Amino acid sequence: MIERGKYQSLTMVNWNGFFARTFDIDGLVTTLSGGNGAGKSTTMAAFITALIPDQSLLHFRNTTEAGSSQASRDKGLYGKLQPGACYAALDVVNSRNQRLLFAVKLQQVAGRDKKVDIKPFVIQGLPSHVKPTDVLIESVSATQARVRQINEVKESVAQYEGVQFKSFSSIVDYHAQMFEFGVIPKKLRNSSDRSKFYRLIEASLYGGISSAITRSLRDYLLPQNGGVKKAFQDMESALRENRMTLEAIKTTQADRDLFKHLITESTNYVAADYMRHANERHKKLEQSLSLRSELFSSRETLIEQNRLLNQVQQELEMLVESESALEQDYQGASDHLQLVQNALRQQEKIERYQEDLEELNERLEEQSMVVEEAQERVLMAEEQSTVAENEVDSLKTQLADYQQALDVQQTRALQYQQAVQALEKAKVLLSDSTLTAESAQALVAQLTQSEAEQTQALLALKHKLDMSSAAAQQFENALKLVHSIAGQVERAEASRHAKAAIQQARSAQQVVQNENQWRAQHRDLERSLNQQNQAQALVAEYQKAHQVTLDDEVMFEQERERHHAQLDSLEIALEENRELRSEQRRQEQDLQSDITQLQAIAPKWIAANDALEKLREQSGAELADSQSVMSQMQQVLEQEKQLSQAKDKLAERRSQLESEIERLASPGGSNDPRLKGLADTLGGVLLSEIYDDITIDDAPYFSAMYGPARHAIVVSDLSGIEEKLVELDDCPEDLYIIEGDVDAFDDSSIKAEELEGAVCVRLNDRQMRYSRFPVIPLFGRAAREQRLELLRSEREEVVEKHAKAAFDAQKMQRLFQAFNQFVAEHIQVAFAADPEQALVIARDKRNQLTRTLAELEAKELQMRSQIQNSKQALTMLDKLAPMMAVISDDTIGERFAELEEKIAQLADAKQFLGAHAKAVEQLESQLAVLDADPEQFDALEAQYQSADSQLQALKKQIFALSDLVERRHYFAYADSVDLLSKSSELSEQLKAKLVEAERARSRYRDELKQQQEQMNQYNQVLASLKSSYQAKLETVQEFKQELAEFGVSADEGALERAIRRRDELHERLHTSRSRKSEYERTLTSTELGMKELAKRLKKVQKEYVELRTFVVAAKAGWCSVLRLARENDVERRLHKRELAYLSAGELRSMSDKSLGALRLAVANNDDLRDALRLSEDNARPERKVLFYIAVYQHLRERIRQDIIHTDDPVEAIEEMEVELARLTEELTMRENRLAISSESVASIIKKTIQREQNRIRMLNQGLSNISFGQVKGVRLNVKVRESHEVLLNGLATQQEQHKDLFETARYTFSEAMAKLFQRVNPHIDMGQRSPQVLGEELLDYRNYLELSIEVNRGSDGWLQAESGALSTGEAIGTGQSILLMVVQSWEEESRRLRSKDIVPCRLLFLDEAARLDAKSISTLFELCDRLDMQLLIAAPENISPEKGTTYKLVRKVFKDHEHVHVVGLRGFGQEQKPKSEAQQMIEEFEA
């Protein structure tokens, strides 16, 4: 048994008097006891606010203003709250044992309206040990706490694993969550449902019989059965729509032939004119393009000739201007040549004298050298003579004294040894082991030179030191000279710059000396360079003309041979080109013949191809050849047969489903409609109606338990039934009758045992029945409705499949007919080659041939031009031949540039000498002054010491070497060592040496005399040469002065340049005159050609303008035609390719024939007739398209778009051909199936009424034993209104009488019911309601019932429950009973919407319970115990119930702070209910 959910506690945070209070809600009754103002109503207000957080409904008033509409502005909630965040939370444990905390956050909103901001939320899965205040309140200290904000509550909850926090933005979502978890009894979908729930809570709270509820008992107790009303409305709308659609189809069928005729003729009429205009426009465009091409080419030619004319005129003008300048230049060049020749003759004289001077100078220098050599020879002869004299004297002395000779030999031996020692010493000092006496003399010279340099440097430094103090002024003068030559320099760098200037002056003098040689070379190179430039100009001109560079003579010869070969090949190609042109013209004529033939074939092929493409699109097959067409045609036939069979099977299945749905929709779901009539005859009720409200889960069990008797009739008494049965004429073969109370049927008499998936029923001691649970139970309304839903879904699917199959079958039939027609008309042509493609190829070839012919003509002109160019090139090559030798010499330019640089240096040298010669000459004498800067004395002194030390070391080396050199003769005395041992031979050797020495002395004396005489002769010759040189030099100076007066450069180059310039100017003057004559001839011929071309251009332009004006005008109309056609999607209908091959006359004939047919077809339609009349204007082709659009628009309006879903009338008619047969049959069957009978309507309404009466009887059973004061029982009385009962009888039994209302198409079923209600109740005023509105009300069964509350009070018996006839306590008790009945009704009504394992909470309120006596309160306790309901009541202090939980509330005021003191008491007489296993486990866990 599923336990009912219970409210566990109510938590109030920050309410008036309640900062953080949790009230445990008792399982039965929770009593709030206290005096006035203790807070009882505030506590209930918090509970109700958490239950229904809708500020538009909440209105807490005391009992004194219960009936007042003018309550306080804040509706009793604003004043019950404290500032800041407030909470009201309901702790609930539902049937699934889930703990839920449904809470609302409240906060006062400042303002006059005293509104309260309410935000609902829920916390799910909070652990049992956590109190609601633990998450809503935060402890600040041991004595202080604060209220958390809602986001802080969310964060606080997040610390518990598995706990979910969810806030709600709408009350609907909050109540949906409450309903889902079983907190409220009914699903509150909208504000109306919330209002009903609040009115129920309010009526419970304030007690008594609520007029708001009693007046609307039908809305509270009777569920809305919208399915019946909706089913009737759907059937009505379907019937109405079917009838309208059927009428539209019939109308379309009647007009279809007219539409086809209208579309065909209008298409032929407009398309023929459309294509005729398109063809004409195409031809005109081709003509205009041809004229425009000719016009543009003529213009370009004229512009080119005009440009040529202007260019020739400009060049002629420039030529005339340059010719006069050339004449002047030529005369000047001739005069200049004469002057250069005079200067050259003068220069020749100077050169002859200079050659004499050079010769004299050379002789003078040679003679000076001869004199110097003679002097040297005289000196050498004198030295040799002196040495010989000394040797003779020495030998004579040695012979005179032998001992002296011996001493001399000893001395020489000693000298030899000293010489050897000197050699070793020199090797050590020089660190040279290879040193010898012979190399010592050369090394001495080197070191002596180095010594001289260092000595000179040392002396210079010494001189600088000596002069540094005394030569300051001299240094400044020398520095000024340096500044005048080299500019501003540093003092330290002055000496270096001075030396550099002196060196530069010397270099400049050398450069000036080479002037004549360089100028001669410059003249030769300039001549060669000019010749090379002239050749390069010719080469450049040749390259510009022929794009070939003549680099050398090999290339030159190759070009000459190439041009000769090209001339030969061009002559041959020119002949071949003529033959090729003839062949191309022949092919062009053949292609034109093929094009004409293809144009004749194309229309038939296009029609066949369109039909083939349509077949391919419809069938989805490739259809590559005729065999595939025949094969696909056979497949289509087979598919059509299969689809027809499938359609028939689906129609059969649909009929089965509809019959089953009709059976299940009948009262009781019986498969025999006679049972309902038998039940009425026997005065019973069908068993299926009694069990109509069982759940889906219980349906298999009860269906198996009753077995075949599930369609039995239940009667209150079996006596007399047999007699009635005998009198029956028509009844089922097996009829089961069961005796039992219809209002309280009990199945305890059936001995049934539930097995696994089955039921075993013992009929008697010897019989038993075993019935399995049906797979698809149909016992009970819920099971039948579930089955009906499945069957209806299947029926919809079957209907959809049947419609699709019928459509596909019709489509296949149409496709087979299309295949038949294609085979009969087009199959012979359709698979031939595409003539349009062949046409395109042929036209492309023809155009290609035309272009080829044009290219051949252009090629011929090009070849002639190339021949002319080759001839010109050969002429140019002949001119260039003599000059090719120098063109390949790349060094000329470099050498010329080098000489140019040298000549430039010459000019610089002359300029330098002219500017600084005197300064350099002065600087040479003062150069030593600059070596010692008086400002650098210390540096000079240190430099002097360093140089001195180096010089001393060098002197030591020189001394050693000089000693060695001085003693080198002693190495010849090596034999003296030997002579010392051979003294006898010494005398003889000395005598021999003396003789030899005397001969040498005589020879040297003779040579000295000769040399002296020769030197005197040389001196005389030198004096005469000096005298001749001085005379010649003076003459040359006079000649140079005369040459300078000429003012020209007198050299061979200047003469050649002058001659060359004169010749060039003469040649240019001759060329200019030739070109002038040529330009004048070109001007004349060009002007004549331009005149002829201008005449032709004017003619072509006139023709083009006229044709273009026509084309532009036609284009404007054609654009409007195209725009209209494209915007209205008719271009593909009008642009028929096959019409493009017809002539204009044929197209006009077709259009005229269709025009006649259209005049007859639209004679009765004013709009189309007017549009057709306007379209006959040939000057306005767009009007024909407008007529075609009007026809289409007319057809679109006539075709039902709700049946045929397409915008194209042609496609719509084609689709309608397929749909018409299927829809006609389908609509007829549907109309028969949807036909509504008045009897079935009455039966459905009666069945629904009876079901609700049975449900209310069951509700009354729960209230049968309730007593309050004198009231011993409470019940709900339900009965059918008399006027509506008369209506039901008229629907069920008087069908023939009211046939005029239900079998006419004038009224819908709702309107027919309204008319019948007026007919059977003429005394009732219907007011302003329309028949449709009244009929819809009559389809709602609740309008047939009247509900009232009756109480069994004392001796009065059952009477109407009214507050005036009952005491206060009795009224409160009666009201609570009624409310409990409503809650039960809501639970039953919502059972299907809620989960099966959820039983909702039941809780009601009662404020001011002191109005009930103790017995009444005890009755309430008993009612709560019996119906498992919780009750929250408020009572004064003098009421202390024995059961439940009682809270004593006392409001205390301490200074400015109010606090409600609460004491909770458990009822001392309360009996503990046995705890469930789950509760016991929970308590164990908590412990």
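Every residue gets a Cβ built from N, Cα and C, even glycine.
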Of the residue ranges 781-806, 1119-1144, 1379-1404, 1431-1456, which one carries the coiled coil annotation in Swiss-Prot?
781-806
Chain-mates of GLY34, GLY35, ASN36, GLY37, ALA38, GLY39, LYS40, SER41 with C-beta within 8 Å of site centroid, ATP:
LEU32, THR42, ALA1434, LEU1449, ARG1451
If H, G and I count as helix, E and B as strand, and all else as coil, what does DSSP give for GLY34 (ATP binding site)?
strand
Could you say which of the binding-site residues GLY35, GLY39 has its Cβ with the most other Cβ atoms inside 10 Å?
GLY39
When DSSP states are grouped into helix, strand and coil, how many residues of the region 'Flexible hinge' (667-784) land in each?
39 helix, 23 strand, 56 coil
Who sits close to LYS40 (ATP binding site): which same-chain residues at least 6 apart have their Cβ under 8 Å from its Cβ?
LEU32, SER33, GLY34, ASP1407, ALA1434, LEU1449
Counting Cβ atoms within 10 Å of each candidate's own Cβ, which of the binding-site residues ASN36, SER41 comes out highest?
SER41
Find, among the binding-site residues listed as GLY34, GLY37, the one whose Cβ has the highest number of other Cβ atoms within 10 Å in the structure shown.
GLY34
Which residues in the same chain, at least 6 apart in sequence, have a Cβ under 8 Å from the Cβ of ALA38 (ATP binding site)?
LEU1449, VAL1450, ARG1451, VAL1460
How would DSSP class SER41 (ATP binding site) in three states?
helix
